[in-house]
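To keep things clear, I will list the structure first and then write my remarks on it.
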């Protein structure tokens, strides 16, 4: 059994405790307190969560006897089981459905001894044998208990999602704005979006909220009691409260108030985790992913030839292949026609489509296979016989023929592919003004050349 959980339970059972936890078999602990002192420091859950009543079952029975307690008063049941039956249930707040949890263990304890499921805590182990006592700890260290808690959590999540979906589709919602008293009918999102847009009061996206009516009623009740929703201070009148919330920008709910957690779906996603813990895990996972990708090395994607299945890792190698194997010089065509990036894209997509359809774009003859088309174009030298620009420079060729055409991603839009002579021809030269030779002789850098 896990020491931290059992030691935590023992701390609640007595004021002074140097005892040792024992498992199913039992191991001595040392203590020197009476029964009254043992029960005095017990700390029961203040507001146990996740209690869901079953139809026709307004109360919850004791695991061991016929005593019944109202579902809303589960603290009394827990205290009863500790005092009368020496049973301590660990982490009750993490039990999604307390009633079903109790009913399950009530049945199991009739089938097998309690020591098969619980850790045993021996109290007053140094006292005489008749003064010693054993307490039983039921916690999720036991695999069966852990599985039960997880299944109850899944069932509750399913019910919450069904409720959320019903609210999302509901068109009979009726609500009044808490700030301007405007009435809204239809879907809950209309009211929530109005308060966010008109009054800067945002409680979250409508699709992330469940039990919306109860949520809004709770908020309205706080405002009716002249309580600020964020700092939760009380004020003497409504005008003072409104001025405070407006000036302090307190038109929002207090994120540290746990009574709001049950209205957000994220708090039902994982057993025992609040939205803050889930968010921190998500942020940490992103940071971890960034660390994993920090040493990532890019491997160049292969581009496929326009006319055959040959692939090359760089566009330079592909250019060389198409020129040597198919007498098609894309760089030369780009230079001669002055093609920019988008025109190159259109040309490539045009050629891809013609080849895919087994049609020669030079003579418009269609062939039975791509190999027949390739043989014809190479023999007739039609690979470099492009049709008029208006044929392929069309909007329809902005769309790729093949969705994974890597060639489109590595086409060059720079002038580095042009020859040095072509680059020089395009560079404008601005001469100096020679109308005033005297001033030119005094200040021009050509002064010495002119003097010569």
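Note: Cβ is positioned from N, Cα and C throughout, glycine not excepted.
Across the domain 'C2H2-type' (226-255), DSSP assigns 10 helix, 2 strand, 18 coil. What TrEMBL lists as domain 'C2H2-type' is 226-255 (among others).
Long-range Cβ contacts of the domain 'C2H2-type' (356-387) within its own chain (Cβ-Cβ under 8 Å, at least 6 residues beyond either end) map to 307-308, 326-329, 333, 347, 350, 401. Summarising the annotation, TrEMBL assigns domain 'C2H2-type' to 356-387 (among others).
Remark: secondary structure over the domain 'C2H2-type' (356-387) totals 11 helix, 2 strand, 19 coil, with classes taken from DSSP.
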